[in-house]
Amino acid sequence: MKSRRVGPPDGGYGWVVVASAFFAMGLTGAVLKNIGHFFLEIQSHFGVLTSTTSWVSSTTIAMFHIGAPAASALTLRFSQRVVIVVGGVLCTLGMSLASLDINLPWLYLTMGVLEGTGISFSWVPAISMVNHYFSRWRPIAYAIASSGECVFAIVFSPLFKWLIEKYSWQGALLIIGGLQLNLCVCGALMRPLEATRASQTNLKESAEDSAAALPPKKKAVFHCGLLKKPELLLYILFAIFAAAGFFTPTLFLVPFANSLGIDKYWPAFILSVMAVADLVGRLFCGWLANMRLLRNLQLLTIVTTLLGVVLLLLPISHDYWSVLVFASLYGFLFGCMVAIHVTSIVDIVSLEGFDSGLGLFMLFRSIGGFIGPPAGGEHFITFCVDWSQSNKI
């Protein structure tokens with residue numbers, strides 16, 4: 001009996017996978033987005049420069065990307081379920097140990113290396129599962145799953161601010177670590193797709209035939225040969241520049257708003273509004289991509305160009321409402337970009353090469369994520385403040 005590979009079911013238990021990925025995105029991406037709330041607290045506590053403090057978040061972002069190839073390889077070797085559970089444990093350890101407040105290098109190791117690796121080990125397999133469970137509805141399924149990052153960010157922005165004031169930044173880190181332990185539950189719900197389609201009565205026979213007809217999944221490890229594809233190399237180059245530029249506003253918008261004299265709770269509200277716009281952008285662009293009016297890569301090019309224009313105009317903001325408008329535009333376009341930038345990898349390397357392609361994409365994107373925040377920290381805030389003050393009437 002010849003075995004056949006199971007195609008994406010495009011529904012069924014796949015929607016449970018989407019729901020699990022929704023929570024996994026919230027407990028990883030939303031935490032990463034709101035880590036800027038700890039920026040000023042850590043800087044003030046240790047009395048260091050902005051660029052020195054930014055290495056904490058920069059290391060987290062870098063490890064999030066650098067850990068992607070390992071997450072992809074482990075996913076192929078074991079399963080998405082196992083890797084997500086490991087990621088949840090690493091996130092909890094990272095935040096819990098960071099709350100000990102030993103010194104700044106200790107934060108680089110815990111909030112940076114451990115937390116970043118844990119986020120990577122949870123994020124990458126969750127995205128992989130959604131893409132493997134869907135084909136026709138892949139764009140909208142991924143958009144729904146990734147919107148968990150936005151929904152949680154809306155809640156986390158004021159929550160983190162309140163936790164810091166109530167329990168100090170050290171206590172807030174400990175509580176966040178406890179929340180991230182729920183990633184283990186998300187991982188437990190990630191049921192791997194069966195290797196063959198067979199009736200229940202012939203399941204054992206089908207499994208034996210499948211082992212003879214197909215290479216064992218555990219031997220299908222990482223394919224670095226995908227780097228020979230010029231399309232993927234160009235896409236990786238895009239990823240490097242995107243990571244260098246597009247993470248900076250998220251990390252430094254709160255310090256920028258504070259530098260303009262905006263009251264302490266309003267910057268947190270700006271992040272919440274940006275998260276709502278991000279959510280709308282993801283769902284809208286996921287729906288638009290599902291209509292197949294344009295290729296994903298063509299739509300991504302348009303959205304990225306508009307996002308760059310908005311960032312260039314951000315320095316003209318000189319009061320609360322102008323910052324809010326540009327933050328909303330940034331959030332919407334950022335959401336549009338996020339909704340399709342991962343699913344576009346399938347268009348380049350096919351579904352069979354997706355796990356390896358995603359790992360390589362994230363690995364090289366770490367270059368931009370690592371140098372962007374430190375390089376842009378002092379210059380971004382200083383330039384925006386100087387520009388806004390020079391344009392005040």
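In case you wondered, yes, glycine gets a Cβ from its N, Cα and C as well.
Caution: TrEMBL annotation is automatic and unverified by curators.
What TrEMBL lists as transmembrane segment is 12-32 (among others).
What TrEMBL lists as domain 'Major facilitator superfamily (MFS) profile' is 14-393.
Residues annotated as transmembrane segment in TrEMBL: 52-75 (among others). Cβ atoms under 8 Å from those of the transmembrane segment (52-75) belong to residues 32, 35-36, 38-39, 42-43, 46, 82-83, 86-87, 104, 107-108, 111-113, 115-117, 119-121, 123-125, 128, 221-222, 243, 247, 251, 355-356, 358-366, 369-374, 377 of the same chain, restricted to positions at least 6 beyond its ends.
With a threshold of 8 Å between CB atoms, the same-chain residues lying at least 6 positions outside the transmembrane segment (82-100) that come near it are 24, 27-28, 31, 71, 74-75, 106-107, 110-111, 113-126, 170-171, 173-174, 176-178, 180-184, 186-188, 190. TrEMBL lists 82-100 (among others) with the feature transmembrane segment.
Panel annotation: around the transmembrane segment (106-128), residues 20-21, 24-25, 27-29, 31-32, 35, 42, 55-56, 58-68, 70-72, 74-75, 80-81, 83-84, 86-95, 97-98, 100, 142, 145-146, 173, 180, 183, 186-187, 190, 342, 354-355, 358-359, 362 of the same chain, lying at least six beyond its termini, place a Cβ under 8 Å from a Cβ of the stretch. Residues or ranges marked as transmembrane segment in TrEMBL: 106-128 (among others).
The transmembrane segment annotation in TrEMBL covers 140-160 (among others). Below 8 angstroms of C-beta separation, residues 14, 18, 21-31, 33-34, 37-38, 126-127, 130-131, 133-134, 172, 176, 265, 268-269, 271-272, 275-276, 278-279, 282-283, 285-287, 289-290, 335, 338-339, 342-343 of the same chain, each at least six residues beyond the ends of the transmembrane segment (140-160), sit close to that stretch.
Summarising the annotation, TrEMBL assigns transmembrane segment to 172-190 (among others).
Marked as transmembrane segment by TrEMBL: 232-253 (among others).
The transmembrane segment feature in TrEMBL is assigned to 265-285 (among others).
Residues or ranges marked as transmembrane segment by TrEMBL: 297-314 (among others).
Here the transmembrane segment (320-340) has Cβ contacts under 8 Å with residues 139, 142-143, 146, 149-150, 242, 246, 249, 253, 256-257, 260, 262, 266, 270-271, 273-286, 289, 296, 299-300, 303-304, 306-307, 310-311, 313-314 of the same chain, all six or more residues outside its ends. Taken from TrEMBL, the feature transmembrane segment covers 320-340 (among others).
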Folded-back contacts onto the transmembrane segment (12-32), same chain, C-beta under 8 angstroms, at least six residues removed: 60-61, 64, 84, 87-88, 91, 118-119, 122-123, 126-127, 129-130, 133-134, 141, 144-153, 155-156, 176, 179-180, 182-183, 185-187, 189-191, 275
Long-range neighbours of the transmembrane segment (172-190), counting only residues six or more past its ends (CB under 8 A): 16-17, 19-21, 23-24, 27-28, 31, 38, 79-85, 87-89, 91-96, 98-99, 111, 118, 122, 125-126, 129, 160, 163-164
